[in-house]
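Summarising the annotation, Swiss-Prot assigns phosphothreonine to Thr59 and lists similarity to another entry as the type of evidence. As annotated by Swiss-Prot, ATP binding site applies to Gly98, Asp119, Ser126, Asn127, Leu128, His129, Arg130, Lys143, Asp187, Asn188, with the evidence given as sequence analysis. The Zn(2+) binding site feature in Swiss-Prot is assigned to Cys229, Cys232, Cys304, Cys307. Look at Swiss-Prot and you will find Cys246 tagged as active site, glycyl thioester intermediate, backed by sequence analysis. Feature annotation from Swiss-Prot assigns domain 'Rhodanese' to 354-450; the stated evidence is sequence analysis. The feature active site, cysteine persulfide intermediate is assigned by Swiss-Prot to Cys409, with sequence analysis given as support.
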Amino acid sequence: MIAATADSFEIEKAKLCRKIAELQAALNAKDQKLRELQLAADNLLAEGEVQLAPRDHYTELSNDDIARYSRQLILTDFGVSGQMKLKNSAVLIVGLGGLGCPAAQYLASAGCGNLGLVDYDEVEPSNLHRQTLHTVSRCGISKAESARIALLELNPHCRIICYSNLLNSFNAMQIIPAYDVILDCSDNVATRYLLNDACSILQKPLVSGSALKMDGQLTVYCYGENGPCYRCIYPVPPPPEAVTNCGDGGVLGAVTGTIGALQAMEAIKVIVGLGEVLAGRMLIFDGSSCQFRNIKIRGKRPNCHVCSSQPLITGLIDYELFCGMNANDKDNALQLLEPEQRINVLDYHKLATEKKSHLLLDVRPPAEFEICQLPDAVNVPLAQILDDSYVQRFAQQLESKEYPIFVVCRRGNDSQIAVQHMKTRFPDHSIRDLEDGMHAWTKLVDQNFPIY
């Protein structure tokens, strides 16, 4: 009787596994279809607004211009001709975050006649420490629109067009041609490749900036005869688990302000023909020591897939598929573990409430652990997991294969990396991560638990 029950259980289990696999396959197909429809919808929504109307061509400065821009007009290498070039120029800024805000602010203030602002996101409180065009009163509205409001307060003569939708392979080729210089102020790899390929195909200078923690980088791609493009330097995108954005790694607001202001300066230099443009070189900023380094980077790659004389890429592709990550700076949820190696926060909460013996490892850095932590969590930074220094510390718990170990992090990504590594050493142990991490805990278990 017991054997029959066991056989029935296995048969039912196999049926459920097959059903789950079928549903997952159907879900994946629907997800792909949804993505295609969303891209098409974005394209249709953008068609009526992407084209920059014919610009007014100015031949002289007004009295207001002379008064407003007098401090740069008297620069010997800039003068009236430089100001006229700025007044007749159009610059596209992709991303109105920590980099895009200062860049837009300085370009509008300097008298750039036309600005395009691209950002799909809305203002939220966590933006305000570094995204200086936005305010508390504008939380919840489009970042592009919020930036437009602030910029027109600075300079009402600047013509500003907002694109409050995600830049993609469809609308990029409609938006970008109308602009003279493109600023990459995004915070994700997929958009970097998208902008690079579009600018290379359309022969538009691309001023690229990045900032993370206390470090920043700046260069100009697709400029001049021998200037490299982004693909010349990075032909292959990094694996998703190796990518850290400011939402995960943090950033000091003054660092993004520094790099964003320098992006504006490089754009002005390109437009005016001022000084030596930062092409073929990269500026590296170390905020912790306040040091700048200027290093030479490789020239145009003869066999580059997009900017060589015989390119393999002549149109835009699916960059989320190419990079294996989303074209935004939101949570990029990794999928490194099998479902049975994960536990949802509700099930873990029940287990913890029932006081069942277990070990909860929090793999966030100590600075994040200090902000908040789950009850009974032990802080073991991911680096200590990866170098196996945790083994001796928890030798007693690891002796028993039955003693359950759970791993948690902020969003459920680092915890997967930790579990994956621990399972290589202890394959028979019960080691699982808390799915979606502390963000899920706040959402599903305790809404008063801090989220950051």
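Placement of Cβ uses the backbone N, Cα and C atoms for every residue, glycine included.
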Cβ within 8 Å of the Zn(2+) site centroid (Cys229, Cys232, Cys304, Cys307 excluded): which residues? Asn196, Ser200, Tyr221, Cys222, Pro228, Tyr230, Arg231, Lys300, Arg301, His305, Val306, Ser308
List which of the recorded positions Thr59, Arg130, Asp187, Cys307, Cys409 have their Cα within 10 Å of the Cα of the residue listed as 'active site, glycyl thioester intermediate', in sequence order. Asp187
Nearest-integer angstrom distance between the alpha carbons (Cα) of Gly98 (ATP binding site) and Cys229 (Zn(2+) binding site): 23
For the domain 'Rhodanese' (354-450), give the DSSP counts of helix residues, strand residues and coil residues. 40 helix, 14 strand, 43 coil
Using Cα positions only, nearest of the recorded positions to Leu128 (ATP binding site) (Thr59, Cys229, Cys304, Cys307, Cys409): Cys409
Using C-alpha positions only, work out which of the recorded positions Thr59, Ser126, Arg130, Asp187, Cys409 is nearest to Cys304 (Zn(2+) binding site). Asp187
Cβ-Cβ distance under 8 Å, sequence separation of 6 or more, same chain as the residue listed as 'active site, cysteine persulfide intermediate'; the residues meeting this, in order, are Asp362, Val363, Arg364, Leu382, Ser415, Ala418, Asp433, Gly437, Met438
Spatial neighbours of Cys232 (Zn(2+) binding site) that are distant in sequence (at least 6 apart) but have CB under 8 A: Arg298, Gly299, Lys300, Arg301, Cys304, Cys307
The residue listed as 'phosphothreonine', Cβ-centred 10 Å count of other Cβ atoms over all protein chains shown, is 7
